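Annotated features, as they stand in Swiss-Prot:
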- 8-43: domain 'EF-hand 1' (DOMAIN)
- Asp21, Asn23, Asn25, Glu32: Ca(2+) 1 binding site (BINDING)
- 48-83: domain 'EF-hand 2' (DOMAIN)
- Asp61, Asn63, Asp65, Met67, Glu72: Ca(2+) 2 binding site (BINDING)
- 105-378: region 'Actin-binding 1' (REGION)
- 119-235: domain 'Calponin-homology (CH) 1' (DOMAIN)
- 263-374: domain 'Calponin-homology (CH) 2' (DOMAIN)
- 379-624: region 'Actin-binding 2' (REGION)
- 393-503: domain 'Calponin-homology (CH) 3' (DOMAIN)
- 515-624: domain 'Calponin-homology (CH) 4' (DOMAIN)
Amino acid sequence: MAGKISKEELEELREAFGKVDLNGNGFICDHELHDLFKEANLPLPGYKVREIIQKLMEEGDKNKDNMISFDEFVSIFQELKSGDIAKSFRKAINRKEGILAIGGTSELSSAGTQHSFSEEERFAFVNWINTALEHDPDCKHKLPMNPNTDALFKAVGDGIVLCKMINLSVPDTIDERTINKKKLTPFTIQENLNLALNSASAIGCHVVNIGALDLREGKPHLVLGLLWQIIKIGLFADIELSRNEALAALLRDGETLEDLMKLSPEELLLRWANFHLENAGWSKINNFSHDIKDSRAYFHLLNQIAPKGQKDGESRIDIDMSGFTEKDDLKRAECMLLQADKLGCRQFVTSTDVMSGNPKLNLAFVANLFNKYPALTKPENQDINWGLLEGETREERTFRNWMNSLGVNPHVNHLYGDLQDALVILQLYEKIKVPVDWNNKVNKPPYPKLGANMKKLENCNYAVELGKTKANFSLVGIGGQDLNDGNPTLTLALVWQLMRRYTLNVLENLGDGQKVNDDVIVSWVNKTLSQAGKSTKISNFKDKEISSSLAVLDLIDAIQPSSINYDLVKRGSLSDGDKLDNAKYAVSMARKIGARVYALPEDLVEVKPKMVMTVFACLMGRGMKRA
């Protein structure tokens, strides 16, 4: 499809696609198109905008999944090149607020393509990174960066800053011993970028359209897109009930803990802000864009959460509310940010970002406020079933991160709750090449108030039917009702088979369609180890010897000779700590040589057969690319 247009046009379209795809999941949906036209302030009547969006969705959404993929986006432009609709669409894209167009420097753009990115995001992310990594000796050669220049896009080029930011968002994701830090060469830089991208994927970032070369060249829209995902994961990490029980203070009358657990981090943040605004006697807000533009809600929020000096060792911080009555919106925003600075929270937004209602940066600003000063007390006297707050298991987190890394929409925050209408599962079927009849068999949101659950249940029934009839999964005793109920064991059984098939498909594509199963992988592993003169071998994915990670480390060294520093590898009689050290090194090294491993070090130490299988399968995929 893309072959009919020039490389330059294709690159330009990729930029445009990135501007419309607000949540960065690789697809455009109708509400993103609405937001685009709203932001662009084009002189078009409302009915005309609706007509254009309807036409774009009709023309572009070839597989009728209510989303436009990049390929579909390209075909729209080919089909609508000269029409009024295409012109309006292009105007909307080019007028999107806060977009800075720069002449590109890559080969694709040498003919004058414009790369576009948000200056506001660059400014915000640079300041956040400068603060976060200020005392890291490994980043001294890059920091502090000037937020008003392109320093950021150069700074990420060797992969070190990206690796460090990933570890700040999800500690211990990357074993520091595997980051190349000294005397960097093009090869060792490539390894760092592999490590960063594969680790970002493992924590749930959608990196399908980003390659190491894009980062080395510092392509602004791709760098900012990846950084936002990494930063957001870190900001949202504790906005979750099992990690922060005081959030139960946000329960409303008649609600259970389960109701609260279904909310996304964004929804919880909004509820948190409104909880404090209500206590201040101020009207509630419905978003972090339009409703905060006048800064008044922020003034009240800061005043509510500022430490009152009533706890041991707590210093009182007084918020000066005099700026609240300032007539000028911009000056009022600046007064408010001066107060946020007293709390050490002047991050992500400038006064202009507040006044313009930049949704992404205001969300980050509020998330940072929550993390520093939640000002919530865990309710003690209410009849709350705290037993529900177990938090997700490692396996559940791995599955969730795998789904999100593939760009499913909506983003999966809670594994069971977010799969109850099966839309994510149906998207995963498409990823494993099982066709989905989006037109005739799938109900899509918004669901009707009456009978909403029936519509979701129909989707779940269809998902199970596809698994049995088209994917040939083993789904004995699993029905649509189980997915709809969020039954953990049965939902996991289906999700595991989806992930397993996805992993095996990658291998079969590399091996010219030859069928792959566990025995084929074990055989390949042992043959590769033996040919490289290694003494380790595995009998199956339950083999207790795997707990030392020596077979994994040897296999990595067999695939990429001399990549493993054996001085760092513990041998002999190993304690659990030694095994974990080896496993951390093995998982990061696998990612560094180019294997997209989702499993965690603990999975190797405990020899979890499913996750162990994915590790060896991913390494086999990397080894087959070498052959």
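Cβ coordinates come from backbone N, Cα and C, glycine included.
Quantities reported herein were computed from a predicted structural model and do not represent experimental measurements.
Here the features listed in Swiss-Prot are painted onto the structure.
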residue : record                : DSSP (3 states)
Asp21   : Ca(2+) 1 binding site : coil
Met67   : Ca(2+) 2 binding site : coil
Glu72   : Ca(2+) 2 binding site : helix
Margin query: Counting CB pairs under 8 Å, which listed stretch among 119-235, 263-374, 393-503 touches the domain 'Calponin-homology (CH) 4' (515-624) the most?
Written below: 119-235
Next item on the list: Indicate the candidate from Asp21, Glu72 with the smallest number of other Cβ atoms within 10 Å of its Cβ, considering only these binding-site residues.
Entry: Glu72
Next item on the list: Provide the number of Cβ atoms within 10 Å of the Cβ of Met67 (Ca(2+) 2 binding site), excluding the reference atom itself.
Entry: 22
Next item on the list: Give the distance between the Cα atoms of Met67 (Ca(2+) 2 binding site) and Asp21 (Ca(2+) 1 binding site), rounded to the nearest whole Å.
Entry: 10
Check: How many Å separate the Cα atoms of Glu72 (Ca(2+) 2 binding site) and Asp21 (Ca(2+) 1 binding site)?
Finding: 13
